[in-house]
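Q: Summarising the annotation, TrEMBL assigns region 'Disordered' to 19-118. Per TrEMBL, the feature compositional bias 'Basic and acidic residues' maps to 22-31. Per TrEMBL, compositional bias 'Polar residues' is recorded for 39-68. Here TrEMBL flags 74-88 as compositional bias 'Pro residues'. Summarising the annotation, TrEMBL assigns domain 'CTLH' to 266-337. Look at TrEMBL and you will find 713-745 tagged as repeat 'WD'.
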Amino acid sequence: PPALRLASIRPSSLLTIQQRCGNEHRSRARYDFTVADRTPNQQVPIDPPNSDQHSNTPQPPASSSSTVELAPISAPPFPAAPPQPPSVTPSVPTSLPPLYVPQGPHDRPHAYTPSQVLGRRRLSDLDENGQDEYRLASIDVSVSATSSAAATTTTYTSLRPLKRRRGIMSADIDGQNSSNGVGQSVSNGFRAEITMAVSNGNGTLKAASGPPNGSAWEANRPRLPSGNYHGHDREQFTRLLIQAMTEMGYNDAADKLSQDSGYRLENPTVAAFRAAVLDGDWGKAEELLNDAQVAGIADPGLRDGLILAAGADRNMMKLWLRQQKYLELLERRETPRALVVLRTELTPLCGDQHQKLEFLSSLLMCASAEDLKDKAGWDGARGESRHTLLSELSKFVSPSVMLPEHRLAALLSQAQEIQISNCLYHSTLQTPSLYKDHVCDRKAFPTIAKYKLDEHNGNEVWQVRFSHDGTRLASCGMERLVIIYSVPEFKVLHKLDTGDEQHDNRGVGNIAWSPDDKMLVTCAMNVKVWDTETGALLRTIDQFNEPVSSCAWASNYVLITGSFDKDRSICSWNFGSADAYKIVWTKDHRTEDLVLSPDRNWVVALDEQKRFHVYNYHTREQVYSHELKDRGTSLCISQDSTSLLVNTQVGTAILYDILTKDVIHEYNQHKGGDFLIRTYLGGANEGFVLSGSEDGSIYIYHRSTSTLVARLKGAHAPRCNSVTWNPSDPRMIASCGDDGLVKIWYPEWPDWDESMEHSGANNNGNVHVTPRPR
């Protein structure tokens, strides 16, 4: 549903392993997903492919004006304890991700709860002149390296005291580097005249080879200025610049920077390893890998040679190399050689991973190269497979000798993310400029009720939801009508009458837009699907004995419902045929709210016994159940599908890590009570937590710091039931409450047109435009 737009959890290994390995290992494969995928970018390049009572509370007169409480002016724009950026060094997998790990069953009794009213349930060396003391004079130390495509000759230089002069050295290099930051082999602290040939196979510079461990380079290395660059290591910063220039195609500038600084991007051995992988010289690649040292064991100051990160699994790296070799032999239809590789090279490394070995063996039966690529999910030697392999292997190599891909860009992105997370009033979808620090003016924050929509005839309004594209708004509540408005005009487009003769009118408790916004589902004593363009009723699902509490679209044809009816607690409905096909997931509990992650992998259900349950969408099996201290009222999953927001009856909203169940933040200044209050994530970059409240106010928290950014007093009376942010406009909020109003909130000084008319076709109610503040 639109307001529950969630986001995803990297399900690739779960789907791949589970669907390819069969149903008998589902529970164990599920645990593999939740554990192994927790490590960023940890995956084997090739895995087996897919096989397949309403409120009687008296209502006082609505307040004529709202009071806004913002965070104090004295509050610093940046919190005292900002969130820490991600680790600058990627995590190194220590072993192949486990294919199967058993997980125990989840058997919990669930008590019966009486029928409820829908929507109202209870709940350096320099001389004296500042010049380099040493300058380089040339001697002949030639090293040659040959490969299948080109030969490389490098002439190095030795030291002799001379005055530094700029621009007298030039590198005879002109080639295209790979995206992983391939650079010329320039000595770390050396001037070098290099002649290199460019591979015509993949457009990547060939590596110059030297002594096995590069000892000659270090022995003759000059002393360069040791001062830091504004507190940053000079060498590290320079290498990042060289990599970034190379990735952007500024090869001549990268060469010149390497010459002037004396720093190289990679030592000869690392460059040779890169070239061997990209050229398919698997013997050379394994030879260099076998000779590699491991960080922590090798001399910390030794930066020549191939150095593996601490904890790197050399056998895993070999397995990936041999796997690529095997696939390329099959692609060239050299089946006998591929069979030898499978038997003598891959089998010893696979160990007890019989499922993987069986899958690799099955590839021998592929009738053509295209069949092989399709079955293996692999694009061949001429595709991106070798670059993908190199990218995965580089995560096992120490960053001191091989920089992670796009490292400077990653650091800049982290800086931007931290500035956004520290901005108390972040209200723009634009990426912050790199030229200045980012901060948003509090006047750009939506705190003024611009529109008051009175289309529900004074009846309580329980829910408001924007469409995914932000161009329409739907509202529902105690009465049988569901209203669809246009945005930003807020003219009534449709009034959907959900009532019927078979059921008494208990109101509409929830609504959800389809992924393409062409349909809207309404949840009452039954489920109805509507055409949002024409307002026509498309389908009715009337198989429930108690109200339907919640719903979520898995696709434009598949709907998931949650109900108080325990026999139909969670059901999925397929509208691909004339009769909706139903699958009952569980009868273990009643469902009071339900959400689906945007990646279509997690379904989370809230029961009546202070618990929420996490299900695997693809297998419909329960992954885990978590006990809450207090009864929950609503659920919301973040757009990246990693965080779950649970609001509770006592007025505390808790943000959980959906994988680990760890509590990330708590938000506890709004008021809870006996009736359903909804809390959602929203705003620019989903940086805020919005909540209704029993006291009728809207509470807006800063997601990263739990700071109460704004309290909009008197938003609704006596209570505010739900509040949601427009997904395409971070300056617009919609709210609803027991006063029968839907309010649209804007900043203090938006560029609105006060002469705009707001009475359109089918608009039988009133739209009150709040005067612009002076």
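Note that Cβ sites are derived from N, Cα and C of the backbone, with glycine treated the same way.
Since we're looking at a predicted model, the values are computed, not measured.
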Q: Please count the residues of the repeat 'WD' (713-745) that DSSP assigns to helix (H, G, I), strand (E, B) and coil.
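A: Each residue of the repeat 'WD' (713-745) counted once, the result is 0 helix, 16 strand, 17 coil.
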Q: Quick one: mean pLDDT on the repeat 'WD' (713-745)?
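A: Per the prediction, mean pLDDT sits at 96 for the repeat 'WD' (713-745).
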Q: Using DSSP, tally how many residues of the domain 'CTLH' (266-337) sit in helix, strand and coil.
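A: Looking at the domain 'CTLH' (266-337) with DSSP, the answer is 42 helix, 4 strand, 26 coil.
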